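Heads up: the structure comes next, in structure tokens.
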Amino acid sequence: MQYPVTKRAFGLAILVLSGLQLMVVLDGTVVIFALPRLQEEMGLSSSGSAWTVTSYGLTFAGLMLLGGRLGDAFGRKRMLIYGVGLFTAASLACGLATGEAMLLISRAFQGAGAAIAAPTAFALVATTFAPGPARNQAIAIVGSMAGIGSVGGLVVGGALTEFSWRWIFLINVPIGALIVLGAVYKLTDTAHHRTPLDIKGAILGTLACATIVFGATEGPAMGWDSPIILGSLIGGFALLVIFVLAERRESDPLLPWSLFDSRDRVATFALIFLAGAVLGAMTFFVAQLLQNVLGYSPLQAGVASIPFTIGIGVGGAVASKAALVIAPRWLLSAAAVVLACGLLFGSTLDRHVQYLPTLLALLLVIGFGVGVAMVLAPLCVLVGVPPSNIGPLSAVGQMFMNLATPIAIGLLSPIAASRTLSLGGRDGRAADMTDAEIDALNSGYTLVLLVCAGLAVLAALVALTLRFTPQQLVQAQHAQDEAQRS
């Protein structure tokens, strides 16, 4: 086979693939620090702010497995181009949005575009870069985009919002156009074959989650006895049951039930979901606390959150070394306890808290616990799996992680809003609130951190049930490396 790149992973091809990964990761976080500005300028409600994040996350996570199937069936290069094209057009619509409905619909299409494009990146590395140093470099560069994007999303989102919240979306337009042009001229497509897509399963699963989240998010505003809310919750759970029944009858389902034959793997999926829920909810509400309660600007809030990402990096590095000699159950449960303690302390914060040393130390500690979980839990999923199944199984684990964030934000936002309203607070611009109303707003945010601490304790208990050994994790790491290089 002829490879376009045979020597070093530099040039347009690696810019296209790494740029794709970076853009998708950035858009998952970049909007969070713009939400207070969106509330001020567009009049977003607290539920509207939550939907700005969840509408992207639900379609991205819910359609990700279908996106992988589309690449198998029609060619990954083609799907990358279509997916990035949709993502770019939706980004333009977000940047030009004149109201809440237009913004949320456009965000949902952004997530759909990301779900089509993102699964193609590593597969295209294998057809574009020759085995050996070039491919190894490409894998490392593309893989590092998740970490770079998590930091960049905080700072870039804050910086762009200082000019206008619209720029966090419009910046994707020229980047997306360049990625499409680069893909057309520099990427080599993968072999493709007709395969069952299971579109029905993807739509049912995504609709079920979206309907349940809608009912939970809008409940406080519309009333829990509202026919719309009751219908949404009942209908959502009914769709979930239909999804399970339909997938069981499907000959080639998106979510193969054989994945759940192992008790340890099921526990690991639960752990990944809990970790994603805590991470997503904490990031969302801490960003609101920094700006709406402590009065930070978007850029200040983004920069102030960097220690959290540093903590993730340190936790991941420590976990990689410790996993060679210590069983994952002990490492993961200890990390969850550290995370729970940090969140418990965070639930006591008020509007007078100082960044140094309190918030700085707290963000480092919480980030450390998250970092351990983010490194070890995905490896636990791959224990005992042949290299040929590494990719699909990794995608399922990633789906659980990505799906947890919008669900957690959607379910916890009404809890925060209810606490705020019960203490005499109100929805709206923080700049127009009295000190008492700011305190009520803060109480809603910190209550969510307390709930997240409880979820972290639950994660610790789940982790204790795992039976994996250090040797099994080492073998899983080797299998993953082999799968990426093949």
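A Cβ is built for glycine as well, from the same backbone N, Cα and C atoms used for every other residue.
Under the heading domain 'Major facilitator superfamily (MFS) profile', TrEMBL lists 13-471.
As annotated by TrEMBL, transmembrane segment applies to 12-36 (among others).
The feature transmembrane segment is assigned by TrEMBL to 48-67 (among others).
As annotated by TrEMBL, transmembrane segment applies to 104-126 (among others).
For 138-161 (among others), the entry in TrEMBL reads transmembrane segment.
Look at TrEMBL and you will find 167-185 (among others) tagged as transmembrane segment. Long-range contacts of the transmembrane segment (167-185) within its own chain (CB-CB distance under 8 A, at least 6 residues past either end) are made by residues 12-13, 15-16, 19-20, 23, 27, 30-31, 34, 77, 80-81, 84-85, 87-88, 91-92, 94-95, 156-157, 160-161.
Per TrEMBL, transmembrane segment is recorded for 197-216 (among others). Tertiary neighbourhood of the transmembrane segment (197-216): same-chain residues 54, 58-59, 62-63, 65-66, 69-70, 73, 229-230, 232-233, 235-237, 239-240, 242-243, 246-247, 250, 252-255, 403, 406-407, 410-411, 414, selected by CB-CB distance under 8 Å and a gap of 6+ residues from either end.
The transmembrane segment annotation in TrEMBL covers 228-246 (among others).
Within the chain, the transmembrane segment (266-287) has long-range Cβ neighbours (under 8 A, six or more residues past its boundaries) at 29, 32-33, 35, 50, 53, 57, 259-260, 301, 305, 308, 332, 339, 343, 346, 366, 370, 373-374, 377-378, 380-381, 396-397, 400-409, 412, 416, 445, 448-449, 451-452, 455-456, 458-459, 462-463, 465-466. The transmembrane segment annotation in TrEMBL covers 266-287 (among others).
Positions annotated as transmembrane segment by TrEMBL: 299-318 (among others).
Under the heading transmembrane segment, TrEMBL lists 330-349 (among others).
The annotation transmembrane segment is assigned in TrEMBL to 355-383 (among others). Outside the transmembrane segment (355-383) by six or more residues, the chain places 264-265, 268-269, 271-272, 275, 278-279, 282, 304-305, 307-320, 323, 328, 331-332, 334-336, 338-339, 341-343, 345-346, 349, 390, 393-394, 396-398, 456, 459, 466, 468, 472-473, 475-477, 479-480 with a CB less than 8 A from a CB of the stretch.
What TrEMBL lists as transmembrane segment is 445-466 (among others). Same-chain residues lying 6+ beyond the ends of the transmembrane segment (445-466) with a Cβ under 8 Å from its Cβ atoms: 263-264, 267-268, 270-271, 274-275, 277-278, 281-282, 285-286, 288-289, 293, 327-329, 332-334, 336-337, 339-341, 343-344, 346-349, 369, 373, 380, 412, 415-416, 419.
On the 0 to 100 pLDDT scale, the model's mean across the domain 'Major facilitator superfamily (MFS) profile' (13-471) is 88. Tertiary neighbourhood of the transmembrane segment (48-67): same-chain residues 24, 27-28, 31-32, 35, 38-39, 79, 83, 100, 103-105, 107-112, 114-120, 197-199, 202, 205-206, 209-210, 213, 217, 254-255, 280, 284, 288, 395-396, 398-399, 402-403, 405-407, 409-410, 413, selected by CB-CB distance under 8 Å and a gap of 6+ residues from either end. Tertiary neighbourhood of the transmembrane segment (104-126): same-chain residues 17, 20-21, 24, 27, 31, 48, 51-52, 55-64, 66-68, 70-71, 76-77, 79-80, 82-91, 93-94, 97, 135, 138-139, 142, 187-190, 391, 395, 484, 486, selected by CB-CB distance under 8 Å and a gap of 6+ residues from either end.
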